[in-house]
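First the structure, in the form of structure tokens, and then the observations on it.
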């Protein structure tokens, strides 16, 4: 130890370097040990390729796991294929069967899925299953031309197994209705996104504070204008000059023979006492600066104009304000007046002095306002009104998974793959529909069905009797028996009649629509597909669903279908029963909710074109209520007119005040 101490006393730097070396070696050893013995994570978060849901799985199963949400297998190779064989893809008996037993649920909740037997007949449903099986068993002649051959084969199957006319009419009606709802969702999302962006821009621009150099430049411009105003008021009388200092220069065009009396005005005596408190050399410098500025007023005006322009450039486009632009215009006008006075010299008229003084006073007032108001920005302050949809405030498009579309399993049964999933019609019961009250019509039942079952828009919004468009859409008091789930008639909502029940109904049957749907496609305007809307690459979540709820797969026997499998069934007459008191109260509440907008609907519906609009096309209706009559000149020009009158009043008051002060002080 004594030897080590003597060595450290002889070479202190060697001891310090040795300590640092030992510390570095220890740290490197600890780091290498941690790297060598690093523990792999036990679990990791993965994302499902099919339903885009995140799931926590063991680390070893990060490329081979089953999604608990959609029950799909996630395990892929580099070429995109599965990394293990899945026999359920080509063996039908390995697929699990979906239970058709009705689940115990709240009867007030709407039915999200309908039976395929309601939309397609038995023959068309069998044809769809056959097409899927034949397309799945397709083997190309040449593997390199698989895409071309499968497209040709698919077209051949479509031509061979066509839908019948009633099924085709029902499918097209569903597609049309879904297009309307999707267009309304997309447009509403765009308008809300635009409103949120404008609000964010307004908050951002109003909260941005001007930099310090911009505030200093505005204050300097105000001081220059105040100096010009003070010179115009007191420059000729010499109130700021003490008796022994340098005499003040007279303004251009002033009378040099008038010698001011230094002891006649009490204000001048007060200024002399104030200047007497300053040191003598400082007072001399101030008097020299006063005389220099009074003799070079044009240069001071040019300096003020340059200061305003520089402040606007430094502030930038976001902090650009109207008051800064107005102040710059006043400085430019003041510079022009001074140049005109120098050009005219002794022949300058008297009104030019009055105009110059008025402009200087107004510029001083505006400059003071611009220098003080440093936080209020007026960039995108003006808000443009957005387009509203009927019933938008009442929750027309809720964020509940009412429009969720199921993702069928890859290995699912072929029959369940082709079951259509129409949208939920709960928003149609919640919104305020523009409809006219019921009116009795002498038209017959076949005529009303012929008009209602056309593929185009409904020509008339009035319905007689029950007002139901389809034979399968009737109140639950006429259709449902004991033990069945009551369903309501959403197509009665579409047609403008009162709903028969607060619950949505299944898809309509299309019996009797063969004759009405044959020639209607040629005379109707084509629908705008939702895919044509340009979202500019934004990810639009149309069908959000809560994380704890998974969409259920629809079944072909969720609802009671006819025993013989046919669509065209005759319903036996039923004795009308007295509905329960709770159902009557609920129906009355829903009826009063739907009749809120009937006062203005009588006037607005008459203006609609029967060939291009429908009673339920909430997308084409872009105003709320009777907005066409409410948008008068008061709503359009009211704010602008008030602002214009206020600006004219302020300008006139400032002008007359400056003229009065100038005349009284002169």
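Even glycines carry a Cβ here, placed using N, Cα and C.
Residues annotated as compositional bias 'Low complexity' in Swiss-Prot: 508-520.
Annotation source Swiss-Prot lists N-acetylmethionine at 1.
As annotated by Swiss-Prot, phosphoserine applies to 441 (among others).
The phosphoserine annotation in Swiss-Prot covers 444 (among others) and is backed by a large-scale study or a structure entry.
Positions annotated as phosphoserine by Swiss-Prot, on the basis of a large-scale study or a structure entry: 450 (among others).
Among the features that Swiss-Prot reports, phosphoserine is placed at 454 (among others).
Look at Swiss-Prot and you will find 466 (among others) tagged as phosphoserine, backed by a large-scale study or a structure entry.
As annotated by Swiss-Prot, phosphoserine applies to 477 (among others).
Taken from Swiss-Prot, the feature phosphoserine applies to 480 (among others), supported by a large-scale study or a structure entry.
According to Swiss-Prot, the feature phosphoserine maps to 529 (among others), an assignment based on a large-scale study or a structure entry.
Annotation comment: Swiss-Prot describes 502-581 as region 'Disordered'.
Taken from Swiss-Prot, the feature topological domain 'Nuclear' covers 1-213 (among others), and the record attributes it to experimental evidence. The average pLDDT the prediction assigns to the topological domain 'Nuclear' (1-213) is 79.
Per Swiss-Prot, the feature topological domain 'Perinuclear space' maps to 235-297 (among others); the stated evidence is a curator's inference.
Annotation comment: Swiss-Prot describes 319-322 (among others) as topological domain 'Nuclear', evidence class a curator's inference.
Per Swiss-Prot, topological domain 'Perinuclear space' is recorded for 344-356 (among others), and the stated evidence type is a curator's inference.
Sequence annotations record features per position, and here Swiss-Prot assigns topological domain 'Nuclear' to 375-644 (among others) based on a curator's inference.
Sequence-distant contacts of the transmembrane segment (645-665), counting only residues of its own chain at least 6 positions beyond either end whose CB sits under 8 Å from a CB of the stretch, comprise 233, 353-354, 357-358, 361-362, 365. Each residue in the topological domain 'Nuclear' (319-322) gets a DSSP state, and the totals come to 1 helix, 0 strand, 3 coil.
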